[in-house]
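A quick write-up on the structure given underneath.
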Amino acid sequence: MHIADQSGAAAAQRKPLYAQLYVQVLVAITVGILLGHYYPSIGESMKPLGDAFIKLVKMIIAPVIFLTVATGIAGMSDLQKVGRVAGKAMLYFLTFSTLALIIGLVVANVVQPGAGFNIDPATLDASTVNTYAAKAHDQSVTGFLMNIIPGTIVGAFADGDILQVLFFSVLFGIALALVGDKGAPVLNFLQALMAPMFKLVSVLMKAAPIGAFGAMAFTIGKYGIGSVINLAMLVGTFYATSLLFVFVVLGAVCRYNGFSILSLLRYIKEELLLVLGTSSSEAALPSLMEKMEKAGAKRSVVGLVIPTGYSFNLDGTNIYMTLAALFIAQATNIHLSMGDQILLLLVAMLSSKGAAGITGAGFITLAATLSVVPSVPVAGMALILGVDRFMSECRALTNFIGNAVATLVVARWEGELDEAKLARALAGTADDSLPADIVPAE
């Protein structure tokens, strides 16, 4: 009997509510908020729990990407598909990333969240954002592109650099496909290795409530809910704009491609709560790759689109950058002409590519953008430093949802989406087992 048969039978029996991961994570987040609010010092001391969980997940990201991409590409009958999938993915990323930037710009002009602050730029303390500005100055388009090529294969895996691992995985998968039958033993080994690797993912996810509790307790304990009140207009505008983007823009994309955004959100609810609790979309990357494959997207598409999307398809970060930049300009009474705003948009399009899916990366990317746009003072970032952590959750969630949608859409464009399997998955009736080619027989 196959392991898949056993797991499929087990999946048919619904777990009680308290045993479901999304409920456990939701309870953990709530307890973390309460602890951080009423006992801030204890809440701050919970930080290692969140950090440890993220390190555990990052530990397996590189091997999961390598196995998924290498086996997916090596199993392709037509290697030209690799180029087509990559091209369609980049077209999607460029289109919707630019749209997210434009939406942030338009909303900031209409709502004017920074109006009325009347802050003199000369009084701003730039020392609080010097660290972020220094990191931002290290970024350049050439440096970013060169960094995709790893110095050594071992170094790429040791550092956990997603794009470097993806670059090597694609080349290895192509080479494995080109050697034909001689590569069959290697391909079989890698496919067999995927079973314990995905099992490890599910084991680590059981610790998600602990990680979410620690991260949320630290955030509330250190920054306090009260820090949001003074900048509630900015935070509220950002959350509302992100919701608009997810449910209207991405919702329309989903509907056009034959599925519902609400059904997709229900399907990935455990991962969404994990991202909410940790403020890191990377925390749920391995689990998302597994779920997208179970939802009917071919492994080759999943392996290419998701890791690439974590650098090139950051819708939440893009909305945040134009919205935050205009907020700073409005708060310091700096008028930005249409030309200035177009320059801001173009610079943001470049600097947003390569922003990692980790906590705080959006703030560094904003610093990189403002350092090139002379009209808006980088020191103005001090105004939003206190609430950036509370916007980080929304950035990460929007980025995560955007990549889930992108994977299914690109798979459908390429004819690599099993729509019947997707319908079952979104309806909650799918067999929650490993793909057939990575399930060992007895």
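Each residue, glycine too, has its Cβ placed from N, Cα and C.
Annotation comment: Swiss-Prot describes 20-39, 52-74, 89-111, 141-158, 162-179, 200-221, 231-253, 342-364, 368-387 as transmembrane segment.
Beyond the ends of the transmembrane segment (52-74), by six or more residues, the same chain brings 82, 156-157, 160, 162, 165-166, 168-170, 172-174, 176-177, 183, 187, 190-191, 193-194, 197-198, 200-201, 204, 207-208, 210-212, 214-215, 278, 280, 282-286, 289, 293, 298-304, 307, 437-438 to within a C-beta distance below 8 angstroms of the stretch. Segment contact holds for the transmembrane segment (200-221) and the transmembrane segment (20-39), given three or more CB pairs below 8 angstroms at sequence separation of 6 or more. Outside the transmembrane segment (89-111), and at least 6 residues removed from its termini, the chain residues within Cβ reach (under 8 Å) are 233, 237, 241, 244-245, 249-250, 253, 304-305, 308-309, 312-316, 318-323, 325-327, 330, 341, 344-345, 348-349, 352-353, 402, 406, 409-410.
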